[in-house]
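Taken straight from TrEMBL:
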TRANSMEM  7-27  transmembrane segment
TRANSMEM  39-60  transmembrane segment
TRANSMEM  81-101  transmembrane segment
TRANSMEM  137-156  transmembrane segment
TRANSMEM  168-191  transmembrane segment
TRANSMEM  219-239  transmembrane segment
Amino acid sequence: LREPAAEFFGTMMLIVFGVGGVCQVVLSASTNEYLSINIGWAVGVAMGVWVAGGISGGHINPAVTITLATLRGFPWRKVPYYCFAQLMGALCGAGIIYANYYEAISAYEGGTNIRTVSKTGSLFCTYAADYMTNVGAFFSEFMTSAIMMMCILSFSDKKNGPPPSGTAPISLFILILGVGLALGINTGYAINPARDLGPRIMTAMVGYGKGVFTFRNQYWLWCPVIAPICGCLTGGFVYDLLIFTGSESVVNTPCVFSSLHIFGSWDSGS
């Protein structure tokens, strides 16, 4: 159970610091809103990876897990319980923050029985800005996730100036802070299906209603879930195809097509 437990607690830490930072900024009417929120999410990723990294690899993101299974030989048999642990960690992390800020949320909403997506539901999961089209929102999440995955793979590339041993969480802190500062305003940069879906399920459970799932015709599925997976797969493939030279990538794994005879017998080295 150590690996799924590590992914559970790592993702929980991500949400505790990330969503907790959002709640504290908004509910306290802080004037340093966006920078503080970005720092909170960067800290959340760093702490989550520090908690889980030595045990499970610290994926804390189903899109990362799926990409590593597709391109880097991570066992597919582990993917379901990694993703489930990440989702449950995110849900529980959001529940912890909701309990911690329950009174503040009630005061902000105007009553203990009032819960609205537009006021405090958006503290927990992502919703596109009003000016964004559906296509634009998908592209923003796709592109941001692709960039994130390319950077993540570069951190472990021994032939590309990787960070010193044990400092990957610091590198991820810088990466997520940069993503938030440069690319986050359009959709809230979910870039992680568990980070969005876990808290979204939690808000539905505590009374925010079906609006958390009906926003923009199932926005919850195609933007913060499907787009990050597609983006990470694309970013990972581009990195492995054009930069990475290690044999652990399926792009670089030697293959012998002994049973295929297209234009005669031939062998392929990639």
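Using N, Cα and C of the backbone, Cβ positions are placed for all residues, glycine too.
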Two-stretch contact, the transmembrane segment (7-27) and the transmembrane segment (137-156), at least three Cβ pairs under 8 Å: no
Recorded stretches the transmembrane segment (168-191) and the transmembrane segment (39-60) touching, at least 3 CB pairs under 8 Å: yes
Selection from 39-60, 81-101, 219-239, the stretch that has most Cβ pairs under 8 A to the transmembrane segment (137-156): 219-239
Intrachain neighbours beyond the transmembrane segment (81-101), with Cβ under 8 angstroms and 6 or more residues off its ends: 3-5, 7-16, 19-20, 23-24, 27, 56, 59-62, 65-66, 124, 193-195, 197-199, 201-203, 206
Contact set, same chain, for the transmembrane segment (39-60): CB under 8 Å, 6 or more residues outside the stretch: 2-7, 9-18, 20-22, 24-25, 68, 74, 82, 86, 89, 168-170, 172-177, 180, 189, 192, 194
